[in-house]
Amino acid sequence: MSSRQKRSREEPLEATETDISEVIDADTDEDEEEEVEEEEYVTIDMSLVRKEVECPICLGIIRKTSTVMECLHRFCRKCIDKSMRLGNKECPSCRTHLASRRSLKDDPNYDILIATLFPNIDKFEEEEFASLEEELGLPKKGI
Ligand SMILES: [Zn+2]
Ligand SMILES: [Zn+2]
């Protein structure tokens, strides 16, 4: 629905000087664009977000978040599992001592957050890797 008004155009021409200025004012109003409601989007620098969701072990986006309870650092469950199996009883990020796997806690809420930010992690990482290859000028396979 438009709130624009036709009225001013239909006003009689035999107006006095004051009336004319009123008509002009009305015309000016008419030319104004209707106010567009501001869209509720924010611009996010995805490279910053990407850093936040990076697993310090595999440097990929965290899959199946496992949080270290002592320091709240996050890793892929697989990555931190592997690290502990190899006998690294410390947080790979800050070296906080980890007595056992009981120091780790799954963080499904974080998984949901990541899934929301990166609905298609595989595709995102594939493109990221492709652009990285390009950046480094690595020769393409098969050439
Ligand atoms: Zn990882
Ligand atoms: Zn840590």
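Numbers run from 1 along the shown chain.
Backbone N, Cα and C define each Cβ position, glycine as well.
Annotation source TrEMBL lists compositional bias 'Acidic residues' at 13-41. Summarising the annotation, TrEMBL assigns domain 'RING-type' to 55-95. As annotated by TrEMBL, region 'Disordered' applies to 1-41.
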Tally of DSSP helical, extended and coil residues in the domain 'RING-type' (55-95): 9 helix, 9 strand, 23 coil
For the domain 'RING-type' (55-95), the mean pLDDT of the predicted model: 96
